């Protein structure tokens with residue numbers, strides 16, 4: 001990788017500004033899942049072990065009013081980080097000003113400080129100004145001035161956004177480096193796109209064609225096979241003229257689905273049967289229906305069926321690179337999670353056979369965690385939108401702003 005990384009920096013005695021992604025689920029001050037905090041630990045520990053003084057920036061949720069600030073302080077996140085590091089994390093409930101500046105100047109080597117939620121800058125005195133999320137140049141410059149001309153970006157999850165806390169700071173320091181997590185994401189996702197070991201199979205699931213259409217188009221040019229599942233598959237079924245009952249589909253995307261199928265030929269792999277249910281409920285009456293026979297009126301497809309699972313297993317059997325983003329069914333209901341879980345199990349086999357397996361997106365990640373196989377796959381991406389855009393081959397502002405070696 002030709003980008004500057006944290007290992008290239010001289011950190012001792014330096015105030016090191018770091019952008020991390022601590023946008024964790026939080027309710028009433030209780031963190032639902034701390035995976036993103038854990039993911040940033042190697043870079044933070046490296047800075048501290050090398051006698052750097054770590055100053056952490058992250059956003060949390062969306063701030064649209066002063067009231068949102070009461071619910072979305074990073075204070076509980078700083079406390080959890082302290083537990084994970086086994087050391088005190090100084091938390092400053094400000095995003096600028098004297099209190100923040102003096103706390104940073106008082107930091108000693110090997111100490112860590114967390115700045116308040118960067119998106120507090122999106123609402124100032126009750127007015128929505130979006131200083132952080134619209135990358136206000138004055139704010140990026142100010143935050144950059146708080147450190148010693150060093151910046152580490154370890155927040156891949158926000159790399160597709162140009163914010164003051166990633167691009168803004170990076171543009172105002174002489175050395176902007178990738179943290180270990182960012183470096184890993186760039187390596188695995190970058191290799192999958194630029195130089196995959198073949199056969200390369202992409203699996204794209206989820207509800208809407210409109211959300212994933214660009215990635216499907218892009219991957220059809222790069223992968224040997226593209227498997228499409230989840231709710232979006234019914235738009236393709238409708239395009240084939242199959243009956244889809246009450247299944248989710250996008251009428252305005254049917255023509256596009258026809259075009260894609262015509263262009264892709266047998267490169268595009270679609271489900272051949274479904275688990276259809278008479279209600280959107282885990283205890284609904286269900287039946288297995290072949291796609292060609294169609295889903296009866298009053299029923300909706302909520303998962304791929306057993307023949308589709310077998311088809312996907314066969315498609316993946318000799319794969320050497322697999323990228324998976326999005327569920328095959330309504331994964332949050334146990335009766336419609338089988339297709340998604342079967343993919344997770346198949347990916348373990350691919351990895352055991354020497355293949356590279358990359359998983360991105362919340363539901364796919366949840367599936368491999370539920371199966372307990374996350375550590376048996378090559379890479380679990382921390383970015384949803386960011387990983388999709390990177391796989392599409394787009395330049396991500398958060399990565400583009402990291403210095404070249």
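Note: Cβ is positioned from N, Cα and C throughout, glycine not excepted.
Since the structure is predicted, the reported quantities are computational estimates derived from the model, not experimental observations.
With 212, 301, 361, 362, 363, 364 listed by Swiss-Prot as binding ATP, the candidate from 250, 263, 332, 395 annotated for that site turns out to be 332. When the candidates 161, 198 are compared with the substrate site entry in Swiss-Prot, which names 21, 22, 23, 36, 59, 60, 61, 62, 119, the shared residue is 161. Cβ contacts within 10 Å of residue 364 (ATP binding site), excluding its own Cβ and spanning all protein chains shown: 27. Cβ-based neighbour count (10 Å, all protein chains) for residue 363 (ATP binding site) stands at 21. Of the recorded residues, residue 212 (ATP binding site) and residue 119 (substrate binding site) place their C-alpha atoms 27 Å from one another.
In this structure, the CA atom of residue 362 (ATP binding site) is 16 Å away from the CA atom of residue 61 (substrate binding site). Annotation for residue 332 (ATP binding site): spatial neighbours 363, criterion Cβ-Cβ under 8 Å with sequence separation of six or more. In sequence order, 206, 325, 326, 381, 384, 387, 388 make up the list of same-chain residues 6 or more apart from residue 361 (ATP binding site) whose Cβ falls under 8 Å from its Cβ.
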